[in-house]
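Below is one structure, written out as structure tokens; the observations come after it.
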Amino acid sequence: MAEHDYHEDYGFSSFNDSSQEEHQDFLQFSKVFLPCMYLVVFVCGLVGNSLVLVISIFYHKLQSLTDVFLVNLPLADLVFVCTLPFWAYAGIHEWVFGQVMCKSLLGIYTINFYTSMLILTCITVDRFIVVVKATKAYNQQAKRMTWGKVTSLLIWVISLLVSLPQIIYGNVFNLDKLICGYHDEAISTVVLATQMTLGFFLPLLTMIVCYSVIIKTLLHAGGFQKHRSLKIIFLVMAVFLLTQMPFNLMKFIRSTHWEYYAMTSFHYTIMVTEAIAYLRACLNPVLYAFVSLKFRKNFWKLVKDIGCLPYLGVSHQWKSSEDNSKTFSASHNVEATSMFQL
């Protein structure tokens with residue numbers, strides 16, 4: 001959903017011909033760039049998250065708390081990316097889907113955005129408990145599974161509640177073309193504060209605190225798996241910062257310095273960083289599922305079952321993967337059955 005749409009026709013009407021020409025160039029660029037990025041994220045996110053869901057449901061039983069979260073995360077991302085074709089069409093043309101669809105898609109878009117970010121936070125906390133409090137976590141696996149299901153349900157409820165402003169105040173406005181959004185400064189401020197708190201600062205602070213302790217714990221541990229785990233942690237942190245920080249920084253600047261709306265370059269920056277931020281829906285399956293040896297084994301089972309690839313030495317690959325993971329599984333029995341092993 002283009003963040004600049006709500007105000008794209010404000011702050012330019014009184015400018016000279018040069019500024020108007022720059023703004024028209026920006027509008028033409030936005031009609032090409034953002035819809036194309038939306039469609040790329042949609043296709044990649046649809047394929048990746050669908051694969052994770054299919055494998056999680058049909059090839060792997062929910063045997064750990066991490067598995068519970070790894071079902072909810074791709075579900076949220078999948079529904080999220082399914083709203084993008086509508087915004088892509090609206091970016092090229094205008095909003096033609098009516099007021100009910102406007103409110104519905106704003107709600108779906110926002111609910112699944114919050115759900116995805118909150119689940120990422122829970123996955124981080126779960127990793128902390130598994131690595132730092134391994135014995136306690138192992139002895140309370142059944143209780144943790146129950147707690148995980150309750151937490152997942154609570155996350156969806158919280159996401160619905162904090163999305164109510166968009167659902168209630170979302171409407172179709174005619175600003176030279178029909179636009180779906182919420183054109184109210186007070187609502188925009190509330191939405192921005194909520195998005196930055198739940199969608200950026202909470203996951204970021206949780207990652208910093210939990211991963212700092214996890215890294216310290218792993219550095220005192222032995223074995224080859226330590227180095228792989230540290231690489232995964234740094235990769236997760238780097239991807240989160242690179243995709244989410246630029247867009248959130250731009251939104252923060254926009255909320256405190258409204259004069260930037262008069263700068264076409266600022267609109268370009270908002271648009272590009274927004275597209276980068278949405279890449280998380282494509283990268284989450286790679287970061288949180290495909291890094292798992294067990295998940296990759298189940299993926300090849302799926303490929304074999306649907307006949308996409310001939311069965312050529314796959315069993316040897318599975319065996320090799322399982323043998324390579326025995327050392328880690330023996331020392332970290334808590335999540336030995338989980339698809340994701342940190």
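Glycine too: its Cβ is placed from the backbone N, Cα and C atoms.
According to Swiss-Prot, the disulfide bond annotation covers CYS102-CYS180. The number of other Cβ atoms within 10 Å of the Cβ belonging to CYS102 (disulfide bond), over all protein chains shown, comes to 24.
Feature annotation from Swiss-Prot assigns N-linked glycosylation site to ASN16.
Feature annotation from Swiss-Prot assigns topological domain 'Extracellular' to 1-32 (among others). Model confidence over the topological domain 'Extracellular' (1-32) stands at 63, taken as the mean pLDDT rounded to a whole number.
For 60-68 (among others), the entry in Swiss-Prot reads topological domain 'Cytoplasmic', with the evidence type sequence analysis.
With DSSP classes pooled into helix, strand and coil, the tally for the topological domain 'Extracellular' (90-103) is 9 helix, 0 strand, 5 coil. Residues or ranges marked as topological domain 'Extracellular' in Swiss-Prot: 90-103 (among others).
The topological domain 'Cytoplasmic' annotation in Swiss-Prot covers 126-143 (among others).
Residues annotated as topological domain 'Extracellular' in Swiss-Prot, with sequence analysis given as evidence: 165-187 (among others). Remark: secondary structure over the topological domain 'Extracellular' (165-187) totals 8 helix, 8 strand, 7 coil, with classes taken from DSSP.
Sequence annotations record features per position, and here Swiss-Prot assigns topological domain 'Cytoplasmic' to 216-231 (among others).
Secondary structure of the topological domain 'Extracellular' (260-275) per DSSP, as helix, strand and coil residue counts: 15 helix, 0 strand, 1 coil. Look at Swiss-Prot and you will find 260-275 (among others) tagged as topological domain 'Extracellular'.
Among the features that Swiss-Prot reports, topological domain 'Cytoplasmic' is placed at 294-342 (among others), with the record citing sequence analysis.
What Swiss-Prot lists as transmembrane segment is 33-59 (among others).
For 69-89 (among others), the entry in Swiss-Prot reads transmembrane segment. Long-range contacts of the transmembrane segment (69-89) within its own chain (CB-CB distance under 8 A, at least 6 residues past either end) are made by residues 1-2, 34-36, 38-39, 41-42, 45-46, 48-50, 52-53, 56-57, 62, 96-97, 101, 105, 108-109, 112-113, 115-116, 119-120, 122-123, 126, 148, 152, 155-156, 278, 280-281, 284-285, 288-289, 339-340.
If you look up Swiss-Prot, you'll see 104-125 (among others) marked as transmembrane segment.
Sequence annotations record features per position, and here Swiss-Prot assigns transmembrane segment to 144-164 (among others).
The feature transmembrane segment is assigned by Swiss-Prot to 188-215 (among others).
According to Swiss-Prot, the transmembrane segment annotation covers 232-259 (among others), on the basis of sequence analysis. Using a Cβ-Cβ cut-off under 8 Å and counting only residues 6 or more beyond its ends in the same chain, the transmembrane segment (232-259) has close neighbours at 3, 120, 189, 192, 195-196, 199-200, 203-204, 207, 211, 214-215, 266, 269-270, 273-274, 276-277, 279-280, 283, 287, 291, 342.
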Taking 10 A as the limit, how many CB atoms besides its own sit near the CB of CYS180 (disulfide bond)?
25
Out of 33-59, 104-125, 188-215, 276-293, what stretch is closest in contact terms to the transmembrane segment (144-164), meaning most Cβ pairs under 8 angstroms?
104-125
Chain residues outside the transmembrane segment (33-59) and at least six past its termini with a C-beta under 8 angstroms from it
2, 67, 70-71, 73-75, 77-78, 80-82, 84-85, 87-89, 91-92, 271-272, 274-275, 278-279, 281-282, 284-286, 289, 295, 298-299, 301-302, 339
Can you work out which residues elsewhere in the same chain, 6+ from the ends of the topological domain 'Extracellular' (90-103), have a Cβ less than 8 Å from its Cβ atoms?
2, 5, 30-31, 34-35, 38, 167-168, 170-172, 177-180
